Amino acid sequence: MAAKIIYFTVNGRPEQAEFPIDCPAQDVKDLFRAAAEAGPHDILKLYNTKGNIINISPQLAPNSPHSCYKLEVVAADCNSELIGSDLAVALGFDLSSMEKRLQSLEKRILTEAAETPAIVYEMKRQVESFREKLESVEHLSWLGLFKDISEGTHKPSPFYHKRTLRKTREECEHVRQKFLQMSSLEVSEEVRQYLKTPTFDNWQWEDAEIMVLLQVMYTDLDFISTFNIELDVLQQFLYEVYRRYNNIPFHNFKHCFCVTQMMYGLIWLTDLRSKIDSIDLLIMLTSAVCHDLDHTGYNNAYQINARTELALRYNDISPLENHHCAVAFEILEKSESNIFRNLPTEQYKRIREGIIKFILATDMTRHTEILNKFKAILPVFDFSSKDHRDMLMMIMIKVSDISNEARPMDVAEPWLDCLLQEFFNQSDMEKLEGLPVTPFMDRDKVTKPSSQTGFIRYVLFPLFIELANLFPCLEQHIIDPVRKALDYYTEMEKQNRAQSDKVVKPSTSKEPEAHPEPGGTTKPVNL
(Lines of atoms letter the chains of each structure in order from A and count residues from 1; the text may use other names and numbers.)
(Lines give C-alpha, C1' and ligand atoms only; values in the text may rest on other atoms or scores of the structure.)
Protein backbone atom coordinates (compact mmCIF):
# COMPACT_ATOMS: atom_id res chain seq x y z
CA MET A 1 0.00 0.00 0.00
CA ALA A 2 1.36 3.48 -0.92
CA ALA A 3 2.57 5.58 1.99
CA LYS A 4 3.46 9.21 2.63
CA ILE A 5 6.49 10.43 4.52
CA ILE A 6 6.14 13.84 6.17
CA TYR A 7 9.17 15.65 7.59
CA PHE A 8 8.63 18.17 10.40
CA THR A 9 10.26 19.64 13.48
CA VAL A 10 9.00 19.70 17.08
CA ASN A 11 10.67 22.39 19.19
CA GLY A 12 13.58 22.33 16.72
CA ARG A 13 13.90 18.54 16.87
CA PRO A 14 13.63 16.82 13.44
CA GLU A 15 10.96 14.13 13.16
CA GLN A 16 9.33 12.22 10.33
CA ALA A 17 5.93 10.52 10.11
CA GLU A 18 5.00 7.71 7.73
CA PHE A 19 1.40 6.67 7.12
CA PRO A 20 -0.72 5.07 4.32
CA ILE A 21 -2.36 7.54 1.93
CA ASP A 22 -5.80 6.25 2.95
CA CYS A 23 -5.03 6.52 6.67
CA PRO A 24 -7.94 7.90 8.77
CA ALA A 25 -7.55 11.57 9.71
CA GLN A 26 -7.67 10.83 13.42
CA ASP A 27 -4.80 8.33 13.13
CA VAL A 28 -2.65 10.97 11.44
CA LYS A 29 -3.42 13.48 14.19
CA ASP A 30 -2.59 10.86 16.84
CA LEU A 31 0.72 10.22 15.09
CA PHE A 32 1.65 13.91 15.32
CA ARG A 33 0.49 14.03 18.95
CA ALA A 34 2.81 11.14 19.75
CA ALA A 35 5.72 12.88 18.04
CA ALA A 36 5.07 16.03 20.07
CA GLU A 37 4.56 13.97 23.25
CA ALA A 38 1.25 15.83 23.60
CA GLY A 39 -1.78 14.78 25.62
CA PRO A 40 -5.20 13.94 24.12
CA HIS A 41 -6.57 17.43 24.82
CA ASP A 42 -3.47 19.41 23.89
CA ILE A 43 -3.81 21.76 20.93
CA LEU A 44 -1.44 21.33 17.98
CA LYS A 45 -0.54 23.82 15.25
CA LEU A 46 1.29 22.78 12.07
CA TYR A 47 3.02 25.40 9.90
CA ASN A 48 4.26 25.11 6.33
CA THR A 49 7.53 26.68 5.14
CA LYS A 50 5.73 29.99 4.49
CA GLY A 51 4.61 30.18 8.10
CA ASN A 52 0.96 29.48 7.27
CA ILE A 53 -1.06 27.16 9.50
CA ILE A 54 -2.16 23.99 7.70
CA ASN A 55 -4.49 21.18 8.64
CA ILE A 56 -3.08 17.93 10.07
CA SER A 57 -4.75 15.40 7.79
CA PRO A 58 -4.00 12.53 5.37
CA GLN A 59 -3.99 15.15 2.58
CA LEU A 60 -0.74 16.73 3.81
CA ALA A 61 1.56 17.29 0.86
CA PRO A 62 4.72 15.12 1.01
CA ASN A 63 7.90 17.13 1.57
CA SER A 64 11.63 16.68 2.07
CA PRO A 65 14.00 17.12 5.04
CA HIS A 66 14.95 20.49 3.52
CA SER A 67 11.33 21.77 3.55
CA CYS A 68 10.16 20.64 6.96
CA TYR A 69 6.81 21.52 8.44
CA LYS A 70 6.89 22.98 11.95
CA LEU A 71 4.76 21.43 14.69
CA GLU A 72 3.95 23.27 17.92
CA VAL A 73 1.99 22.44 21.07
CA VAL A 74 0.29 25.75 21.85
CA ALA A 75 -2.01 24.89 24.76
CA ALA A 76 -2.30 22.24 27.39
CA ASP A 77 -5.06 20.00 28.73
CA CYS A 78 -7.79 22.09 30.33
CA ASN A 79 -7.46 20.03 33.52
CA SER A 80 -3.68 20.38 33.80
CA GLU A 81 -1.74 22.45 36.32
CA LEU A 82 -0.48 24.66 33.44
CA ILE A 83 -3.86 26.23 32.79
CA GLY A 84 -4.46 26.40 36.54
CA SER A 85 -1.21 28.31 37.00
CA ASP A 86 -1.96 30.54 34.00
CA LEU A 87 -5.31 31.42 35.55
CA ALA A 88 -3.60 32.02 38.89
CA VAL A 89 -1.24 34.53 37.27
CA ALA A 90 -4.09 36.26 35.45
CA LEU A 91 -6.35 36.36 38.50
CA GLY A 92 -3.78 37.02 41.18
CA PHE A 93 -4.61 33.81 43.05
CA ASP A 94 -4.90 30.07 42.39
CA LEU A 95 -8.45 28.71 42.39
CA SER A 96 -7.19 25.12 42.89
CA SER A 97 -5.20 26.14 45.95
CA MET A 98 -8.26 27.91 47.31
CA GLU A 99 -10.30 24.73 46.91
CA LYS A 100 -7.65 22.65 48.67
CA ARG A 101 -7.50 25.09 51.57
CA LEU A 102 -11.28 25.03 51.81
CA GLN A 103 -11.29 21.23 51.92
CA SER A 104 -8.63 21.24 54.66
CA LEU A 105 -10.62 23.75 56.71
CA GLU A 106 -13.77 21.68 56.25
CA LYS A 107 -12.01 18.57 57.64
CA ARG A 108 -10.71 20.48 60.68
CA ILE A 109 -14.16 21.91 61.42
CA LEU A 110 -15.70 18.45 61.14
CA THR A 111 -13.12 17.10 63.58
CA GLU A 112 -13.65 19.88 66.10
CA ALA A 113 -17.37 20.67 65.72
CA ALA A 114 -18.72 17.27 64.57
CA GLU A 115 -20.79 18.93 61.83
CA THR A 116 -20.27 21.29 58.90
CA PRO A 117 -21.54 24.84 59.53
CA ALA A 118 -23.84 26.44 56.95
CA ILE A 119 -21.20 29.08 56.14
CA VAL A 120 -18.89 26.37 54.73
CA TYR A 121 -21.62 25.20 52.34
CA GLU A 122 -22.12 28.81 51.26
CA MET A 123 -18.38 29.25 50.64
CA LYS A 124 -18.31 26.05 48.56
CA ARG A 125 -21.27 27.29 46.54
CA GLN A 126 -19.53 30.59 45.83
CA VAL A 127 -16.31 28.85 44.76
CA GLU A 128 -18.26 26.57 42.41
CA SER A 129 -20.16 29.54 41.01
CA PHE A 130 -16.89 31.37 40.38
CA ARG A 131 -15.45 28.31 38.62
CA GLU A 132 -18.50 28.18 36.34
CA LYS A 133 -18.01 31.84 35.41
CA LEU A 134 -14.34 31.23 34.61
CA GLU A 135 -15.20 28.25 32.47
CA SER A 136 -17.73 30.17 30.39
CA VAL A 137 -15.64 33.21 29.49
CA GLU A 138 -15.43 33.89 25.77
CA HIS A 139 -11.71 33.22 25.28
CA LEU A 140 -12.15 29.65 26.55
CA SER A 141 -15.65 28.80 25.36
CA TRP A 142 -14.80 28.37 21.67
CA LEU A 143 -12.76 25.24 22.40
CA GLY A 144 -15.93 23.35 23.13
CA LEU A 145 -14.37 22.22 26.40
CA PHE A 146 -16.97 24.04 28.46
CA LYS A 147 -19.91 23.98 26.07
CA ASP A 148 -22.89 21.94 27.22
CA ILE A 149 -23.42 20.07 23.96
CA SER A 150 -25.98 17.68 25.40
CA GLU A 151 -28.70 20.23 26.10
CA GLY A 152 -29.42 23.71 24.80
CA THR A 153 -29.73 25.76 27.95
CA HIS A 154 -28.35 29.12 26.85
CA LYS A 155 -31.00 30.95 24.87
CA PRO A 156 -30.16 34.51 23.85
CA SER A 157 -32.84 36.97 22.94
CA PRO A 158 -33.78 36.14 19.35
CA PHE A 159 -34.50 39.75 18.44
CA TYR A 160 -32.30 42.68 17.53
CA HIS A 161 -33.84 45.56 19.46
CA LYS A 162 -32.22 48.97 19.05
CA ARG A 163 -29.57 47.75 16.61
CA THR A 164 -28.91 49.22 13.20
CA LEU A 165 -29.79 47.12 10.16
CA ARG A 166 -26.18 47.06 8.97
CA LYS A 167 -23.44 45.97 11.33
CA THR A 168 -21.26 48.81 12.55
CA ARG A 169 -17.55 48.92 11.78
CA GLU A 170 -16.74 48.55 15.49
CA GLU A 171 -19.03 45.53 15.82
CA CYS A 172 -17.43 43.83 12.82
CA GLU A 173 -13.87 44.57 13.88
CA HIS A 174 -14.48 43.21 17.38
CA VAL A 175 -15.80 39.92 15.98
CA ARG A 176 -13.04 39.79 13.38
CA GLN A 177 -10.30 40.07 15.99
CA LYS A 178 -11.87 37.35 18.13
CA PHE A 179 -12.23 35.09 15.09
CA LEU A 180 -8.59 35.53 14.05
CA GLN A 181 -7.41 34.82 17.59
CA MET A 182 -9.39 31.58 17.64
CA SER A 183 -9.04 30.46 14.04
CA SER A 184 -5.60 28.87 14.22
CA LEU A 185 -6.38 26.63 17.18
CA GLU A 186 -7.78 23.13 16.96
CA VAL A 187 -11.46 22.53 17.78
CA SER A 188 -12.07 19.49 19.96
CA GLU A 189 -12.94 16.21 18.23
CA GLU A 190 -16.18 16.03 20.22
CA VAL A 191 -17.35 19.32 18.71
CA ARG A 192 -16.24 18.24 15.21
CA GLN A 193 -18.44 15.15 15.44
CA TYR A 194 -21.34 17.09 16.95
CA LEU A 195 -21.09 19.56 14.06
CA LYS A 196 -22.01 16.74 11.66
CA THR A 197 -25.40 16.10 13.31
CA PRO A 198 -28.81 17.77 12.79
CA THR A 199 -29.13 18.11 16.58
CA PHE A 200 -26.43 20.82 16.71
CA ASP A 201 -27.47 23.73 18.93
CA ASN A 202 -26.54 27.00 17.26
CA TRP A 203 -27.71 29.13 20.20
CA GLN A 204 -24.64 28.28 22.27
CA TRP A 205 -22.15 29.82 19.86
CA GLU A 206 -21.12 33.45 19.34
CA ASP A 207 -20.52 34.89 15.86
CA ALA A 208 -16.71 34.59 16.05
CA GLU A 209 -17.04 30.97 17.16
CA ILE A 210 -19.46 30.30 14.31
CA MET A 211 -16.84 31.55 11.86
CA VAL A 212 -14.36 29.08 13.34
CA LEU A 213 -16.89 26.27 12.89
CA LEU A 214 -17.49 27.27 9.26
CA GLN A 215 -13.71 27.13 8.75
CA VAL A 216 -13.73 23.63 10.25
CA MET A 217 -16.33 22.54 7.66
CA TYR A 218 -14.16 23.70 4.75
CA THR A 219 -11.13 22.02 6.34
CA ASP A 220 -12.73 18.70 7.25
CA LEU A 221 -14.21 18.29 3.77
CA ASP A 222 -10.64 18.70 2.46
CA PHE A 223 -11.51 21.78 0.40
CA ILE A 224 -8.36 23.60 1.59
CA SER A 225 -5.95 21.14 0.00
CA THR A 226 -8.15 19.98 -2.91
CA PHE A 227 -8.84 23.49 -4.22
CA ASN A 228 -5.66 25.18 -2.99
CA ILE A 229 -7.55 27.61 -0.74
CA GLU A 230 -5.19 29.70 1.37
CA LEU A 231 -6.29 29.82 4.99
CA ASP A 232 -6.05 33.61 5.28
CA VAL A 233 -8.22 33.98 2.16
CA LEU A 234 -10.84 31.63 3.58
CA GLN A 235 -10.83 33.61 6.83
CA GLN A 236 -11.28 36.89 4.97
CA PHE A 237 -14.11 35.35 2.92
CA LEU A 238 -15.90 34.17 6.07
CA TYR A 239 -15.45 37.58 7.67
CA GLU A 240 -16.89 39.36 4.60
CA VAL A 241 -19.85 36.96 4.66
CA TYR A 242 -20.42 37.66 8.36
CA ARG A 243 -20.23 41.41 7.67
CA ARG A 244 -22.84 41.26 4.93
CA TYR A 245 -25.54 39.51 6.97
CA ASN A 246 -27.75 42.08 8.67
CA ASN A 247 -29.10 42.56 12.19
CA ILE A 248 -32.60 41.20 11.57
CA PRO A 249 -34.58 38.64 13.58
CA PHE A 250 -34.37 35.60 11.27
CA HIS A 251 -32.38 35.93 8.03
CA ASN A 252 -29.15 36.75 9.87
CA PHE A 253 -25.67 35.26 10.22
CA LYS A 254 -26.86 32.57 12.64
CA HIS A 255 -29.44 31.46 10.04
CA CYS A 256 -26.64 31.33 7.45
CA PHE A 257 -24.72 29.06 9.82
CA CYS A 258 -27.73 26.82 10.57
CA VAL A 259 -28.42 26.24 6.88
CA THR A 260 -24.74 25.55 6.17
CA GLN A 261 -24.41 23.27 9.18
CA MET A 262 -27.47 21.25 8.11
CA MET A 263 -26.05 20.95 4.60
CA TYR A 264 -22.73 19.85 6.09
CA GLY A 265 -24.51 17.27 8.27
CA LEU A 266 -26.50 15.91 5.32
CA ILE A 267 -23.30 15.51 3.29
CA TRP A 268 -21.82 13.30 6.02
CA LEU A 269 -25.02 11.42 6.88
CA THR A 270 -25.65 10.43 3.25
CA ASP A 271 -21.98 9.71 2.51
CA LEU A 272 -22.29 12.12 -0.39
CA ARG A 273 -18.51 12.42 -0.65
CA SER A 274 -18.44 8.97 -2.27
CA LYS A 275 -21.22 9.80 -4.73
CA ILE A 276 -20.46 13.21 -6.23
CA ASP A 277 -17.36 15.28 -7.04
CA SER A 278 -15.63 17.45 -4.45
CA ILE A 279 -16.32 20.51 -6.58
CA ASP A 280 -20.07 19.90 -6.26
CA LEU A 281 -19.71 19.61 -2.49
CA LEU A 282 -17.79 22.90 -2.49
CA ILE A 283 -20.59 24.52 -4.50
CA MET A 284 -23.24 23.18 -2.11
CA LEU A 285 -21.50 24.39 1.05
CA THR A 286 -20.62 27.82 -0.38
CA SER A 287 -24.15 28.29 -1.74
CA ALA A 288 -25.50 27.63 1.75
CA VAL A 289 -23.05 30.12 3.28
CA CYS A 290 -24.07 32.85 0.81
CA HIS A 291 -27.74 32.05 0.27
CA ASP A 292 -29.25 35.01 2.22
CA LEU A 293 -26.51 37.65 2.04
CA ASP A 294 -27.75 41.20 2.74
CA HIS A 295 -31.35 40.11 3.41
CA THR A 296 -33.24 43.06 4.90
CA GLY A 297 -36.14 41.13 6.43
CA TYR A 298 -38.75 41.77 3.71
CA ASN A 299 -39.64 38.99 1.27
CA ASN A 300 -40.02 39.04 -2.51
CA ALA A 301 -43.75 39.81 -2.37
CA TYR A 302 -43.01 42.98 -0.44
CA GLN A 303 -40.12 43.91 -2.77
CA ILE A 304 -42.40 43.58 -5.79
CA ASN A 305 -45.46 45.28 -4.29
CA ALA A 306 -43.38 48.15 -2.89
CA ARG A 307 -41.48 48.47 -6.19
CA THR A 308 -38.16 48.49 -4.38
CA GLU A 309 -34.81 49.03 -6.05
CA LEU A 310 -34.20 45.27 -6.02
CA ALA A 311 -37.53 44.50 -7.68
CA LEU A 312 -36.85 47.09 -10.38
CA ARG A 313 -33.28 45.89 -10.91
CA TYR A 314 -34.28 42.24 -11.33
CA ASN A 315 -37.63 42.82 -13.09
CA ASP A 316 -39.62 41.19 -10.26
CA ILE A 317 -37.84 37.85 -10.88
CA SER A 318 -36.55 36.46 -7.57
CA PRO A 319 -35.22 39.88 -6.56
CA LEU A 320 -33.86 38.76 -3.18
CA GLU A 321 -32.17 35.58 -4.42
CA ASN A 322 -30.60 37.44 -7.34
CA HIS A 323 -29.32 40.02 -4.87
CA HIS A 324 -27.86 37.35 -2.56
CA CYS A 325 -25.95 35.94 -5.55
CA ALA A 326 -24.71 39.36 -6.59
CA VAL A 327 -23.40 40.14 -3.10
CA ALA A 328 -21.69 36.73 -2.95
CA PHE A 329 -19.78 37.44 -6.14
CA GLU A 330 -18.95 40.98 -5.01
CA ILE A 331 -17.11 39.31 -2.13
CA LEU A 332 -15.51 36.77 -4.47
CA GLU A 333 -14.38 39.48 -6.88
CA LYS A 334 -11.94 40.74 -4.25
CA SER A 335 -8.70 38.80 -4.48
CA GLU A 336 -8.17 38.80 -0.70
CA SER A 337 -11.54 37.06 -0.14
CA ASN A 338 -11.80 34.97 -3.32
CA ILE A 339 -11.51 31.37 -2.11
CA PHE A 340 -11.62 30.22 -5.76
CA ARG A 341 -8.78 32.42 -6.99
CA ASN A 342 -6.33 29.53 -7.52
CA LEU A 343 -8.73 27.49 -9.68
CA PRO A 344 -8.66 27.19 -13.49
CA THR A 345 -11.18 29.32 -15.38
CA GLU A 346 -13.34 26.34 -16.32
CA GLN A 347 -13.68 25.24 -12.70
CA TYR A 348 -14.53 28.79 -11.62
CA LYS A 349 -17.23 29.00 -14.29
CA ARG A 350 -18.71 25.72 -13.08
CA ILE A 351 -18.71 26.95 -9.48
CA ARG A 352 -20.28 30.30 -10.39
CA GLU A 353 -22.99 28.61 -12.45
CA GLY A 354 -23.75 26.21 -9.59
CA ILE A 355 -23.89 28.82 -6.83
CA ILE A 356 -26.28 30.98 -8.86
CA LYS A 357 -28.48 27.99 -9.69
CA PHE A 358 -28.73 26.76 -6.11
CA ILE A 359 -29.26 30.12 -4.42
CA LEU A 360 -32.03 30.92 -6.92
CA ALA A 361 -33.60 27.55 -6.03
CA THR A 362 -34.28 28.85 -2.49
CA ASP A 363 -37.04 31.15 -3.83
CA MET A 364 -40.13 29.47 -2.34
CA THR A 365 -42.27 30.48 -5.33
CA ARG A 366 -40.34 27.75 -7.23
CA HIS A 367 -40.93 25.12 -4.54
CA THR A 368 -43.57 23.04 -6.34
CA GLU A 369 -41.74 23.21 -9.67
CA ILE A 370 -38.45 21.95 -8.21
CA LEU A 371 -40.07 19.29 -6.03
CA ASN A 372 -42.10 17.87 -8.94
CA LYS A 373 -39.01 17.65 -11.16
CA PHE A 374 -37.15 15.80 -8.43
CA LYS A 375 -40.04 13.39 -7.88
CA ALA A 376 -40.13 12.65 -11.62
CA ILE A 377 -36.46 11.57 -11.77
CA LEU A 378 -36.38 9.81 -8.40
CA PRO A 379 -37.38 6.32 -9.69
CA VAL A 380 -34.45 6.38 -12.16
CA PHE A 381 -32.06 8.61 -10.22
CA ASP A 382 -28.52 8.39 -11.57
CA PHE A 383 -25.57 10.01 -9.78
CA SER A 384 -23.60 10.00 -13.03
CA SER A 385 -26.16 12.37 -14.61
CA LYS A 386 -25.36 16.09 -14.16
CA ASP A 387 -29.06 17.00 -14.47
CA HIS A 388 -29.95 14.52 -11.73
CA ARG A 389 -27.14 15.74 -9.47
CA ASP A 390 -28.20 19.34 -9.98
CA MET A 391 -31.78 18.51 -9.01
CA LEU A 392 -30.55 16.71 -5.89
CA MET A 393 -28.36 19.67 -4.92
CA MET A 394 -31.30 22.05 -5.35
CA ILE A 395 -33.43 19.83 -3.11
CA MET A 396 -30.67 19.65 -0.51
CA ILE A 397 -30.23 23.41 -0.23
CA LYS A 398 -34.02 23.77 -0.01
CA VAL A 399 -34.18 21.16 2.76
CA SER A 400 -31.31 22.86 4.60
CA ASP A 401 -32.91 26.29 4.22
CA ILE A 402 -36.15 25.28 5.96
CA SER A 403 -34.76 22.59 8.25
CA ASN A 404 -35.24 24.17 11.67
CA GLU A 405 -38.12 21.84 12.59
CA ALA A 406 -35.78 18.87 12.04
CA ARG A 407 -33.80 20.07 15.04
CA PRO A 408 -34.56 19.46 18.73
CA MET A 409 -37.53 21.51 19.88
CA ASP A 410 -35.49 23.70 22.25
CA VAL A 411 -33.32 24.69 19.27
CA ALA A 412 -36.14 24.97 16.71
CA GLU A 413 -38.78 26.89 18.65
CA PRO A 414 -36.71 30.05 19.23
CA TRP A 415 -36.18 30.17 15.46
CA LEU A 416 -39.95 30.21 14.96
CA ASP A 417 -40.16 33.16 17.36
CA CYS A 418 -37.53 34.94 15.27
CA LEU A 419 -39.35 34.19 12.02
CA LEU A 420 -42.70 35.41 13.31
CA GLN A 421 -41.09 38.62 14.54
CA GLU A 422 -39.73 39.23 11.04
CA PHE A 423 -43.07 38.31 9.46
CA PHE A 424 -45.01 40.63 11.76
CA ASN A 425 -42.57 43.47 11.06
CA GLN A 426 -43.27 43.06 7.35
CA SER A 427 -47.07 42.90 7.68
CA ASP A 428 -47.02 45.98 9.93
CA MET A 429 -45.06 47.83 7.25
CA GLU A 430 -47.43 46.62 4.52
CA LYS A 431 -50.38 48.01 6.48
CA LEU A 432 -48.60 51.33 7.05
CA GLU A 433 -47.73 51.68 3.36
CA GLY A 434 -51.13 50.54 2.06
CA LEU A 435 -49.66 47.46 0.36
CA PRO A 436 -51.34 44.04 0.09
CA VAL A 437 -50.85 42.32 3.45
CA THR A 438 -49.24 38.90 3.25
CA PRO A 439 -51.81 36.66 5.04
CA PHE A 440 -49.39 34.29 6.77
CA MET A 441 -47.49 37.28 8.20
CA ASP A 442 -50.45 39.15 9.67
CA ARG A 443 -50.10 39.31 13.47
CA ASP A 444 -53.88 39.72 13.73
CA LYS A 445 -54.54 36.38 12.00
CA VAL A 446 -51.52 34.15 12.64
CA THR A 447 -50.67 32.25 15.80
CA LYS A 448 -47.51 30.33 16.57
CA PRO A 449 -49.06 26.85 16.11
CA SER A 450 -51.22 27.81 13.13
CA SER A 451 -48.16 29.14 11.31
CA GLN A 452 -46.43 25.78 11.61
CA THR A 453 -49.03 23.01 11.29
CA GLY A 454 -49.91 23.80 7.68
CA PHE A 455 -46.30 24.56 6.75
CA ILE A 456 -45.12 21.22 8.12
CA ARG A 457 -47.93 19.22 6.50
CA TYR A 458 -47.86 20.80 3.05
CA VAL A 459 -44.27 22.04 2.60
CA LEU A 460 -41.82 20.29 4.91
CA PHE A 461 -43.15 16.75 4.83
CA PRO A 462 -43.52 16.46 1.03
CA LEU A 463 -39.99 17.85 0.56
CA PHE A 464 -38.25 15.91 3.31
CA ILE A 465 -39.96 12.62 2.44
CA GLU A 466 -38.72 12.74 -1.16
CA LEU A 467 -35.13 13.29 -0.04
CA ALA A 468 -35.49 10.42 2.44
CA ASN A 469 -36.82 8.24 -0.39
CA LEU A 470 -33.41 8.62 -2.05
CA PHE A 471 -31.52 8.37 1.26
CA PRO A 472 -33.53 6.16 3.66
CA CYS A 473 -30.93 6.76 6.38
CA LEU A 474 -32.37 10.27 6.76
CA GLU A 475 -35.72 8.99 8.06
CA GLN A 476 -34.61 9.10 11.69
CA HIS A 477 -32.66 12.34 11.29
CA ILE A 478 -35.12 14.64 9.53
CA ILE A 479 -38.50 12.89 9.21
CA ASP A 480 -39.01 11.68 12.79
CA PRO A 481 -38.18 15.08 14.38
CA VAL A 482 -40.58 16.86 12.00
CA ARG A 483 -43.35 14.41 12.97
CA LYS A 484 -42.72 15.28 16.61
CA ALA A 485 -42.80 18.99 15.76
CA LEU A 486 -46.16 18.56 14.02
CA ASP A 487 -47.57 16.77 17.08
CA TYR A 488 -46.21 19.52 19.33
CA TYR A 489 -47.81 22.38 17.39
CA THR A 490 -51.03 20.46 16.78
CA GLU A 491 -51.38 19.99 20.55
CA MET A 492 -50.56 23.66 21.12
CA GLU A 493 -53.28 24.62 18.65
CA LYS A 494 -55.80 22.41 20.47
CA GLN A 495 -54.92 24.01 23.78
CA ASN A 496 -55.32 27.49 22.30
CA ARG A 497 -58.77 26.55 21.00
CA ALA A 498 -59.75 25.06 24.35
CA GLN A 499 -58.75 28.25 26.14
CA SER A 500 -60.75 30.32 23.66
CA ASP A 501 -63.81 28.10 24.21
CA LYS A 502 -63.60 28.70 27.96
CA VAL A 503 -64.21 32.43 27.50
CA VAL A 504 -67.68 33.20 28.97
CA LYS A 505 -69.84 35.09 26.53
CA PRO A 506 -71.98 37.93 28.01
CA SER A 507 -75.71 37.46 28.45
CA THR A 508 -77.89 38.86 25.65
CA SER A 509 -79.95 40.73 28.24
CA LYS A 510 -76.95 42.70 29.38
CA GLU A 511 -75.01 45.40 27.59
CA PRO A 512 -71.39 44.48 26.78
CA GLU A 513 -68.98 45.72 29.43
CA ALA A 514 -67.10 48.82 28.34
CA HIS A 515 -63.36 49.26 28.84
CA PRO A 516 -61.54 52.56 28.59
CA GLU A 517 -59.19 53.09 25.67
CA PRO A 518 -56.28 55.51 25.68
CA GLY A 519 -57.66 59.04 25.64
CA GLY A 520 -60.65 58.25 27.86
CA THR A 521 -63.04 56.84 25.23
CA THR A 522 -64.76 53.50 25.65
CA LYS A 523 -65.84 50.70 23.33
CA PRO A 524 -67.53 47.30 23.79
CA VAL A 525 -65.28 44.29 24.29
CA ASN A 526 -65.43 41.92 21.31
CA LEU A 527 -65.52 38.39 22.70
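Glycine is no exception: its Cβ is also placed from the backbone N, Cα and C atoms.
No curator has checked TrEMBL annotations; they are predicted automatically.
Listed in TrEMBL for this protein:
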- 168-496: domain 'PDEase' (DOMAIN)
- HIS251: active site, proton donor (ACT_SITE)
- HIS255, HIS291, ASP292, ASP401: Zn(2+) 1 binding site (BINDING)
- ASP292: Zn(2+) 2 binding site (BINDING)
- 493-516: compositional bias 'Basic and acidic residues' (COMPBIAS)
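Over all protein chains present, the Cβ of ASP401 (Zn(2+) 1 binding site) has 20 other Cβ atoms lying within 10 Å.
Contacts of HIS291 (Zn(2+) 1 binding site) defined by a Cβ separation under 8 A and a same-chain sequence distance of 6+ are given as CYS256, VAL259, HIS324, PHE358, ILE359, THR362, ILE397, ASP401, in order along the sequence. The Cβ of ASP292 (Zn(2+) 1 binding site) has TYR245, HIS251, HIS255, CYS256, VAL259, HIS324, THR362 as same-chain neighbours under 8 Å, each 6 or more residues away in sequence. The Cβ of HIS251 (active site, proton donor) has 24 neighbouring Cβ atoms from other residues within 10 Å, across all protein chains displayed. Within 10 Å of the C-beta atom of HIS255 (Zn(2+) 1 binding site) sit 22 other C-beta atoms, taking all shown protein chains into account. Per-residue pLDDT, averaged over the domain 'PDEase' (168-496), rounds to 96.
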